[in-house]
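Reading through the structure tokens given below for one structure.
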Amino acid sequence: MAAELVEAMNMVKSFRVSDLQTLLASMGRSKSGLKQDLVGRALRLVQTEYSPELLKNVRQLYESRFPRTSGWLAARRPESVPVAYSSLSSSPSATSQGTDYLNGISKPIPTPAAEVKLVPLPFYQTLETLLPPTELIAQNNDKLQDSQCIFELTPNQADQIRNASELRPGIRSIQVVLRICYTDSIGVQEDQYPPNIAVKVNQSYCHVPGYYPSNKPGVEPRRPCRPVNITPWLHLSNVTNRVTITWGNFGKRYSVAVYLVRVFTAADLFNQLKLCSVESAERCRERIQDKLRFDPESEIATTGLRVSLICPLVKMRLGVPCRVLTCAHLQCFDAVFFLQMNEKKPTWTCPVCDKPAPFELLTIDGLLSEILKETNEDIEEIEYLTDGSWRPISDDKEKDRERESNTPEYPVVDICSPAANGHSPAHSSTSLTGKSGSSSAAAAGVTGGPAVTPGGGVVVDLTLDSSSEEEGGGAGGDSEDTEDSADSPAPKRGRYNYDKDLVTAY
């Protein structure tokens, strides 16, 4: 009973967040909270409500994560951690005794202070471990602490560094890097710098990546935690190398490790992607058909899926369409730009759905690669159909161009131009200064119909009405009475063809 209880507790300690949530939900417990809260809640559950059903669930979750291990002891023992390693402190607390439980009898075994595993990085291939993950030990209560570690390079390792090719001037493809992370034995750890970090190699300070400036107001700058290249300051001989790390002691525990690595570029990862991870066009069509397959339980039937041919990262046409196998969408992004951006600022996040996009899960879409070769540059979007085929979607601008090209052209007449209309403006008809002007005005007044332009078009003057003609006529009559001129103009005629001078109003 005691051995099974200890076995279950050790299994729970190795669970991930998803495993802990599954275990707690199966036993009717809350699955919300941070990982530390979930681990404590699961351990209390095992201790207080231990039962064969609970042990069965723990075993199933553990075997789903570690299918090759036959027992729980493999999760507790480090795989290949040497017993003798360089310590970062001469304090006796730097080493601890691990406990291996077997049939309820404890047996001390030599183990490191913590079984810390660093997450593998796509741009770094670990060749050798020069210093395994070892905890930084505070010597006193000061906020700034100094911890030292020493290691030596073998002649073979020194030759590898000397003979390595240069990625760019001063940067070789074989490097010795320093990695720092949280001291946590559960899962794999990402690189994380402690506050106020400074690294000195053989009495010379080396460069540590600084903070990224933030463009958003109220957001603090973020420091990219990546391996620190200490190669230029090392002794490439049998001389011992001494590394001093200055770090802020604010309650969190950190571990440091030193590795001999091979550094890859974005072009190297792209070549690996083309050789090892290309999804065929047939498999892509099957994926599309699965997404568009009719579901009788669904009230909405999907007949097509639209996919843009523009990369969401750079807003340009896709060159090499790439996506993540675990993402549910079919939208792709450009593989070359994605790798180049992560080389400068490693985030490994899908630009479409913001979910994790590790390099191991990237794949090149073979079907969309063929579509990009077959379509013109002006096609920016396509639609996948239920049978796995596709059709291009014309742009709205292209539709507007086609509509404009099919519209007939009509002559445009400027009604405000007297030369275009063939007659004087409305206000000039009352002046009667010219012969042609008086004759055209008289003709318009007599007939009351439209005027014919010299070009054959019909122009109707809508600015004249009967009231304006009568008012203009009355004003003209008054002016004729006051002037004693021999060559006065002919009297105007009304709408019903009578002289206005002969009509008397009683």
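Glycine too: its Cβ is placed from the backbone N, Cα and C atoms.
What TrEMBL says about this protein:
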- 12-46: domain 'SAP' (DOMAIN)
- 105-264: domain 'PINIT' (DOMAIN)
- 296-381: domain 'SP-RING-type' (DOMAIN)
- 390-506: region 'Disordered' (REGION)
- 393-406: compositional bias 'Basic and acidic residues' (COMPBIAS)
- 428-466: compositional bias 'Low complexity' (COMPBIAS)
- 467-486: compositional bias 'Acidic residues' (COMPBIAS)
- 496-506: compositional bias 'Basic and acidic residues' (COMPBIAS)
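The domain 'SP-RING-type' (296-381): residue composition by secondary structure is 22 helix, 20 strand, 44 coil, according to DSSP. The DSSP breakdown of the domain 'SAP' (12-46), given as helix, strand and coil counts, is 24 helix, 0 strand, 11 coil. In the predicted structure, the domain 'SAP' (12-46) carries a mean pLDDT of 81.
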